[in-house]
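What follows is one structure encoded as structure tokens, with my remarks underneath.
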Amino acid sequence: MSQRPNPSALIWLLLSAVVIGLDQWSKAWVLSSLPEYTPVPVIDGFWNWYRTYNTGAAFSFLSDAGGWQLWFFTALAVGISGLLAFWLSRTARGDWRSAVPYALVIGGAIGNVIDRLMHGHVVDFIQWYVGEHTWPSFNIADSAIVGGAIGIALFGLFDGKRSRKAG
């Protein structure tokens, strides 16, 4: 009799699909409801809806590079998502410490890829600020990418300490 393989964490791609769905739904709302480049207060003194566009990457990195960055960041996001999906296929289903961060990054990356391919830029709309200090605008996909990256770093750090203590 052959032994059944352990189920992989690919089921966690459903979380990626939820992130993509929420991201695209929120951006459709923004495009149909918010004026461009006009702050709409949510929490006065801290949070605005602010419809803007980003042709670059995080913090508008390379946003004025002339157009090639659209394809570069699209290819980078698809490549990283493919690598993380491969790692998910090698991860045990119950290993949520690895699976959830991977799935969040995949969902966020693909959400922004959809924007780049549909609009030629990423739609950003969440703006946080204190006084005159404004954080760069972002979206749900960006939040998922950052949350996933933090999870990968933190869980990797803690798991590394745990395995060193066990060894």
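Numbering starts at 1 and runs along the chain as it is shown here.
Cβ atoms are placed via backbone N, Cα and C, with glycine included.
Swiss-Prot annotations:
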TRANSMEM  10-30  transmembrane segment
TRANSMEM  68-88  transmembrane segment
TRANSMEM  98-118  transmembrane segment
ACT_SITE  ASP124  active site
TRANSMEM  138-158  transmembrane segment
ACT_SITE  ASP142  active site
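Of the candidate ranges 10-30, 68-88, 138-158, 138-158 contributes the most Cβ pairs within a distance under 8 Å of the transmembrane segment (98-118). Here the transmembrane segment (10-30) has Cβ contacts under 8 Å with residues 49, 51, 85, 88-89, 93, 96, 99-100, 102-104, 106-108, 110-112, 114-115, 123, 125, 139-141, 144 of the same chain, all six or more residues outside its ends. For the recorded site, ASP142 (active site), the DSSP three-state label reads helix. Within 10 Å of the C-beta of ASP142 (active site) we count 21 further C-beta atoms, all protein chains included.
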